[in-house]
Structure formats: C-alpha cells, structure tokens
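Working notes, beginning with the structure itself.
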Amino acid sequence: MTVFLSFAFFAAILTHIGCSNQRRSPENGGRRYNRIQHGQCAYTFILPEHDGNCRESATEQYNTNALQRDAPHVETDFSSQKLQHLEHVMENYTQWLQKLENYIVENMKSEMAQIQQNAVQNHTATMLEIGTSLLSQTAEQTRKLTDVETQVLNQTSRLEIQLLENSLSTYELEKQLLQQTNEILKIQEKNSLLEHKILEMEGKHKEELDTLKEEKENLQGLVTRQTFIIQELEKQLSRATSNNSVLQKQQLELMDTVHNLVSLCTKEVLLKGGKREEEKPFRDCADVYQAGFNKSGIYTIYFNNMPEPKKVFCNMDVNEGGWTVIQHREDGSLDFQRGWKEYKMGFGNPSGEYWLGNEFIFAITSQRQYMLRIELMDWEGNRAYSQYDRFHIGNQKQNYRLYLKGHTGTAGKQSSLILHGADFSTKDADNDNCMCKCALMLTGGWWFDACGPSNLNGMFYTAGQNHGKLNGIKWHYFKGPSYSLRSTTMMIRPLDF
C-alpha cells in the first residue's frame, strides 16, 4: 500500500536541511520524492524545492586565514535570529512528525487488524477444510483400527484359550513328572538298600567261605592224620590178629579185672548210701553257702524225686552269693543247637559252658520260691544284669513253661524275657507261637513264644562277627535284636536267702 502525503512545513525543513548539508545541481529542478519502506507498507513523501536564497555559510564569507577585526560582524545578530527561528520550526516539525507517527501507527493498527481478520477468516476456512478432511480420515482410521482391534481381540482370545489349554496340559505333565520322579527316588532308595544288603551279604558270604575253607583245610589235615592212624591201627590189628593167643590171654586178664572193679564199685555204693543217710544233702547253692562254703566252685546237690545227685556251679561272689548257675556261655566251645532230650537232662561242664537241664531246673524251683538273675557282657566289656523276683518253670507235660514276675536291672527298662508264660522249644520240639519254627531259625533251645526279644542259647559269634546276627546270643533291650553277646550267666537263689 502506497500513501502520498504532502506537507509544506515538512518540505521547508527538508529544504533547509538540504541547504545546510548538501547542494543540488540545477538540473534537478522541480519536485523531489522520498520513498520509505516499512514492513509491507511503503510511504512516499513529496518534497518541494527550496528557493535558493540560502545564505553562504560563515566559512564561505570569511577567510579563515584573515585577521580578526576589532568589531563584531554585522551578520551575527541575523544568524542568532535565524537559528532561533529554525529551532522554533524544528520544534513545530517535531510535533508534526510525532502526530504523523501517531497517525501512521493508528492506521497501521487498523490495517494490521483488518489483515489479521482476513487472514484468520482465510485460515479458519482452510482449517475447517483440513479439519473436515482430518475427521473423515480419522473416522476411516478409527474404523480400520476398530476392525484391527476386533481381529486382535479375537486372536488374543484364541491365544488365551490355547495358552490355558497348554497350561493345563503342562500342569498335568508336571504332576505326572513329579510322581514319576518320586517313584524313581523311592526305587533308587530301595536299590541303595538292596545294594547295601547285597554288599553286606557278600562280605558275610566271603567271611563264611574263608571260614569254610579253613575248616576244610583243617578237616583235610584231620582226615590225613586219621587215615595215617587208621593205617597204623590196621597194622596193629593185623599184628594182633596174628598173635591170637596173646589176645585171648589178655581177654582173660581183662575179664578178671572187670570182675574185681564190679565188686569194688558195689562196695563203694553201699558205703556212699550209708553216708547219705548220715549227712544232710544240699538242695541248692544257698544251702551250700549257709553250710559255710562261701567259695565259688562246683558242688553236688540233691533233688527231690531224682535218683542221682547233680554237680552244679555255685556263684558265691555276686550279690552276697548263694546262686545256683543253670546256664553259662563264655567262649563258644559248646554247641547249644541240641534236641529236646539233651535240654531236658542237661549238657556241658559246670566249670565252663553248660546247661543244667530243664528237668533239674523244674525239680529245684518246685522245692521253694526262687528269684532269677541274668548276668550279661558285650564285646566292649560292658556288663549289665536283669533280675526277676519270682521264677519257676512247669514240668515236661507243660513244656517247661516259664513263669516270671517283678523285673529290675540295668539290661533294659523292659524285660527281654516273656513274662506272661512261654513254652520251651528246641529244633525237634516246636512249642512256640510262630509258624516259622523259631528254634530252627534262631538256633538253640529257648522260651521263644513268637521268637521274642531274647535267646541266650543262640549261636556263638566271635568279636567282629557279632553284628547283624539274628540267630546269635541276644538280649534285645540291652544291645538290640542283632547283636550277639560275649558271655551270659543264668543263676537262681531262694527268695528267703
């Protein structure tokens, strides 16, 4: 936009400024235009020419090299007035310029407002078109997104269902795997136990084989020696047969000697019978002790309804003495795997390992009331005992049934003997309460009941081989069910001792 303004006073001041600062050439006569660009607006000012009556400046009128006159120049007052006039004109022009500036600013504000309004209207229409286009595009995109979302939801639902099915299948598989793992662990534990038992059995079998080999070698040596002895005997027999007359003579001499011995024995029996009538017989070791014999050893005692006396070992040292020993184990020199008759009448030597005999035990305990004391020792040297306040057994018809009362001692808080009554069993007389025949399985003769927690007549095992032996000399509540003891002693004493 171009605005043409003409101001006389503005032209005059510009003419004066032009006269003061520059000279125009004669060929530039007429009007002069001054164009000012301000942003988008251009302003053109028409300026009139000056009249050419400008006075020469002081520098042109005076010679700078001339001497100063004594009196002031006549033009000085005129210049002062002219300067004041110019200052007054400048003030007026300044006011006009300020008004012009205000006018331009106000016009520019209204024009700028109009331009902005037009621009806003144009922009609004454009924005509406763009908004409408965007809305349509947004609606289309929204529809597409909705379709995609629906497809994603459907696919997600299918995946979730499949994932759930897979989770259930995985859970079932994990459960089955856990069960199989537990079964495998149980099988492994059983296999470990079986391997351990097999190793133990192999060790035992190896030891038994070594023992059998040693016994075989010993037997072979014994057979060799016996063969040699038999050969020597055969030689002697051949020599004796050849000398029949000498044998007949010796036979006659032996017959005479036998007759003499028979006569002497008859006299000795008659003499002993007379002494028995004179001396009071001992019923048990308590009578021996009370008769003044307080040293442990072998003594002869007599039983009611028994034709012959019996040699027994009397313990005079344990718990004030007077104990009649009915069983003793110490070194395994005697085999306790015997039949009913041998356990009935007894076997062994009272000075070592022996069993007194069930018939004699019944005869003693039928005389008066007795207590029972059992002394035990393990292979580590530990000693213990079990004592019963009442002890007796039945007769043979009752299978020598055991009767006990009142248990005390250090060999376990509970009794390893059956208190309520158990019949005696041997390998040839099964009187226990078990189908397994305890006497055959556990060896020895004992009051087994249903095999029970004790067997002091079992197999004797030496040190190092006494563990894990169910058929050994056992007392369950002292050393457990499979520990074979080193020594045992069963002894009885009258309750009123």
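Note: Cβ is positioned from N, Cα and C throughout, glycine not excepted.
Per Swiss-Prot, the features are as follows:
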type     : residues  : note
COILED   : 81-119    : coiled coil
COILED   : 153-261   : coiled coil
DISULFID : C285-C314 : disulfide bond
DISULFID : C438-C451 : disulfide bond
DOMAIN   : 276-496   : domain 'Fibrinogen C-terminal'
CARBOHYD : N92       : N-linked glycosylation site
CARBOHYD : N122      : N-linked glycosylation site
CARBOHYD : N154      : N-linked glycosylation site
CARBOHYD : N243      : N-linked glycosylation site
CARBOHYD : N294      : N-linked glycosylation site
SIGNAL   : 1-19      : signal peptide
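Taking the features listed in Swiss-Prot, we show where each one sits on the structure.
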residue: N122; record: N-linked glycosylation site; contacts (Cβ under 8 Å, 6+ apart): none
residue: N154; record: N-linked glycosylation site; contacts (Cβ under 8 Å, 6+ apart): none
residue: C285; record: disulfide bond; contacts (Cβ under 8 Å, 6+ apart): Y299, I301, V312, C314, N315, M316, G321, G322, W323, T324, V325, R493
residue: N294; record: N-linked glycosylation site; contacts (Cβ under 8 Å, 6+ apart): M316, G321
residue: C438; record: disulfide bond; contacts (Cβ under 8 Å, 6+ apart): S425, D430, D432, W446, F448, A450, C451, G452
(request) Look at the disulfide-bonded residues C314, C451 and tell me which residue has the greatest number of other C-beta atoms within 10 angstroms of its C-beta. (result) C314
(message) According to DSSP, collapsed to three classes, what secondary structure does C314 (disulfide bond) have?
(response) strand
(request) Grab the pLDDT values for the coiled coil (81-119) and give me their mean, rounded. (result) 84
(request) Using all protein chains in view, find how many other C-beta atoms are within 10 Å of the C-beta of N92 (N-linked glycosylation site). (result) 12
